């Protein structure tokens, strides 16, 4: 129930932000148009955003014939987690990463890059997929997929605001500075809304993944290895669609300094420390 409340709050917050931007661009008429668009986007996000995200990454569905070891691993972990078997996808990218998507456990999918399968051992890969299945089990995937879709729409609308500026109901330009301000601040606001939920969700998925696999040290080792390898390998698709970054097990976007303040993922060092403490104590709390 709590995850449905979080989903509703997220959709309401992003819808409100969408309407504010619409009002800045076109006054009351712009707010009305933005509301209609936002409602349509929320409907679309719920039913189709998983397919859109998988298409963005050109993910290819695999089965036990085309990727036997990986597919069997996901099936075994799904059974341990008490989940239906999700659809399994591979993404032809060198950057090591993985994510889960879908509106509920019955309509879930997990995806991994070919790079992560090359970099990680089988034990480490089990830790990663257990983490993703924890997202599925706790229905985080609906939240992350919707927020990724809506954040992308906010960025597009903010760019529109910068180009056309602020206008009244008659279409007259009123305050060009306001348009620039919206274009700069709206994506930040959208990122903060995502970040408010995403960081805590990653810690919870680490804990849940450790419970599913029974091996928190494997996930800790995987996170350390992904962190070290990913920094030197570009992930162009993720860079083109930055709103989807929070779906990944590790933030795929390059950059540091101020950019890290708005990261949707907690610090890798802290995640590893928590997992190693679980391994030491045997307590998954």
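Each Cβ is built from the backbone N, Cα and C atoms, and glycine gets one as well.
Cross-referencing 61, 64, 76, 202 against the Zn(2+) binding annotation in Swiss-Prot, which names 131, 135, picks out 202.
Matching 93-113, 177-197 against Swiss-Prot, the residues noted as transmembrane segment span 177-197.
Around residue 132 (active site), the same-chain residues six or more apart in sequence whose CB sits under 8 Å from its CB are 98, 99, 100, 110, 205, 209, 249, listed in sequence order. Other Cβ atoms within 10 Å of the Cβ of residue 131 (Zn(2+) binding site) number 27 in total over all chains. For the Zn(2+) site, the Cβ centre of 131, 135, 202 serves as reference, and the other residues of the chain with Cβ at most 8 Å from it are 100, 132, 134, 140, 201, 204, 205, 206, 208, 209, 249.
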